[in-house]
Amino acid sequence: MKLKKITILTGLALLATSQAYSHGWVTAPASRVDLCDRGINKGCGNRAIYEPQSMEYGDGRFQNGKMDGEIGGSGVSGYELMNEQSSSRWAKVVVRSGPTKFTWKFTAPHFTTDLSSFRFYITKQNWNPNEPLKRDEFETQPLNCYNPEPYFAGKSQPNNPQSLTCDLPDRSGYQVIFAEWDVGDTSASFGNVIDVDFTNEHPAGTVILPDGDADNGGGTDNGGGTDNGGSTGGPQEYDPNSSYPDPGTEVIYEGKIYANKWWVQPGVVPGATQWGPWEYIRDHEPTNPSDKFPVEMNTFTINEENVREGDRVILQVSKDGVMKEYELVTVPRGMTRNQLIKQMTDKINQISSQELNDSIIAGVKNNNGEVVPNDEMVSIYQVSAKPYSDISFQYYQGNNHVKNELHLMDFKDQYDLDLNGTVNITAKIMSHASDKANIFVTLQDSNGKAVYDKRDIQLSPMETYSLSLTVNNLQPGEYDLIVGSILQGAPTWQKDMKIKLVDPNQDGDEATGNWVSNKVYTKGDRVDVNGVTYEAQWWTKGSNPTQSGKWGVWRVVNGQDQGSDDSSQNGDNPTVLGVWDSNTVYTKGDQVTYKGQAYIAKWWTRGNKPSKSRAWEKYNKF
């Protein structure tokens with residue numbers, strides 16, 4: 001059986017690990033993960049440093065609160081340190097209220113529906129910066145954003161990088177902005193938090209370090225910490241001659257417990273300065289003499305969906321430089337998380353009794369200090385003599401965790417045929433599978449006949465294949481372009497794309513049928529409305545041809561548009577679309593009226609009031 005070794009971090013939930021599946025992060029204002037990547041933020045963990053682009057999660061998890069407490073790391077495994085939250089934990093970027101440019105950088109841009117797929121939510125003015133981030137700490141509605149640079153109309157991959165301007169509200173002091181990119185070709189989104197400071201003490205764009213210094217010269221230490229995150233036995237007395245490289249290390253000093261926020265050099269005393277590298281945690285309470293197991297060593301927990309048949313959990317115990325492993329459980333079919341935790345707890349206590357002289361105990365301490373079973377997590381405690389230098393868990397994933405998925409790029413809805421009925425389709429296929437996969441590409445006509453079928457493509461994880469598909473003697477019409485991936489032990493991944501093959505030389509006087517409001521039309525499609533034939537100039541859905549206007553998506557090619565006056569047909573004046581509506585998408589050249597004044601759109605916009613937005617300008621030639 002193929003197994004994958006996963007290390008369990010102290011006090012953190014286990015999530016299924018994955019490759020660095022691209023794809024993007026916010027670089028301006030610099031996001032938390034961007035400042036980790038640049039070495040300015042410390043104690044981020046290795047994945048945040050080497051994969052700032054990979055904070056990907058299922059659609060809706062931020063909006064429905066399922067990421068509460070994990071918003072800093074977008075709820076993604078390997079970014080857990082990013083969830084730490086206090087007013088002094090992270091570097092901040094100085095911003096001002098008003099128009100502010102935000103920039104996404106991509107490693108592999110996804111198909112994106114429109115500009116509203118980029119959303120930015122800011123914390124409420126009176127939020128608590130010293131508690132884990134939750135959805136209800138942020139405003140309900142995203143910021144008002146517009147003016148994409150370079151211009152981006154949607155229904156394609158965004159530019160790289162892609163900037164847009166958003167209006168920041170009146171705020172003061174430290175705030176957090178959650179940036180979300182909802183990609184259009186998967187059921188996933190990418191998220192970043194941006195730590196900002198509304199202050200006039202420094203120029204906009206200045207990075208303020210956690211200690212309050214405005215020096216951007218961060219070091220190169222990655223602050224990644226150790227792999228297993230296991231404690232070596234509770235807080236120790238602070239040693240002025242020692243350095244503390246691992247963030248989160250707790251020490252005892254003058255009756256208080258402190259934890260370092262980043263690398264601490266020898267001689268930097270806890271509590272010496274308010275904005276220093278040490279953070280006060282709690283008062284130190286001497287060990288209870290009646291507590292037989294005072295030293296907490298490690299904690300294990302796991303999400304229900306990650307418990308799968310064939311997985312194994314191992315206990316590792318280190319003493320005097322020698323590590324010994326004990327098999328705790330191999331997951332059978334149908335085992336739940338609660339059953340797994342219970343079996344692990346019972347097995348550890350059995351091992352302690354039979355082989356470790358009752359020196360450790362498994363469970364969770366209750367309010368009375370008693371170690372009792374818990375069906376959500378299991379902690380390990382040892383006796384005060386601390387005979388073991390390290391106790392940790394290792395989780396081995398079975399082959400049921402195999403992943404099979406593709407990322408399709410540069411495919412189109414419509415392709416031209418040449419005079420010989422030949423079509424050439426070029427695109428890219430990237431594998432997101434966990435192992436080498438077999439890829440197939442099939443083109444079917446409207447009768448279900450395969451006119452092209454290629455099945456000899458093999459891709460390794462994150463490898464990209466450049467497809468060049470050429471087929472001769474085809475007729476114009478509707479076709480199915482099917483791309484799939486086959487990987488042993490995983491369900492087949494497959495996508496069926498409806499495409500249209502057209503003859504650009506064909507007489508286009510005949511319309512394609514009556515206009516349907518919920519149908520997608522692409523460039524060149526023709527429809528009939530009230531005896532008038534219209535032709536689409538670009539992708540559209542739901543745009544009424546009679547209300548399109550001179551610069552809208554539809555053009556009259558046969559007949560007289562009764563919804564427009566003569567002046568709009570001969571080009572003297574544009575056509576007014578009607579009263580401005582906050583839910584309608586407007587593109588460059590669209591005209592509306594708002595509070596008795598006529599306006600013309602300068603670029604793509606939605607929800608921006610004409611009287612207040614730079615996306616509109618007054619127009620007086622009606």
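Glycine too: its Cβ is placed from the backbone N, Cα and C atoms.
Because the structure is a prediction, the values reported are computed rather than measured.
The following features are taken from TrEMBL:
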COMPBIAS  215-233  compositional bias 'Gly residues'
DOMAIN    235-281  domain 'Chitin-binding type-3'
DOMAIN    512-557  domain 'Chitin-binding type-3'
DOMAIN    577-619  domain 'Chitin-binding type-3'
REGION    204-247  region 'Disordered'
SIGNAL    1-22  signal peptide
Local confidence of the prediction over the domain 'Chitin-binding type-3' (577-619), expressed as mean pLDDT: 81
Secondary structure tally of the domain 'Chitin-binding type-3' (577-619) (DSSP, helix then strand then coil): 0 helix, 17 strand, 26 coil
Within the domain 'Chitin-binding type-3' (235-281), residues counted as helix, strand or coil by DSSP: 0 helix, 17 strand, 30 coil
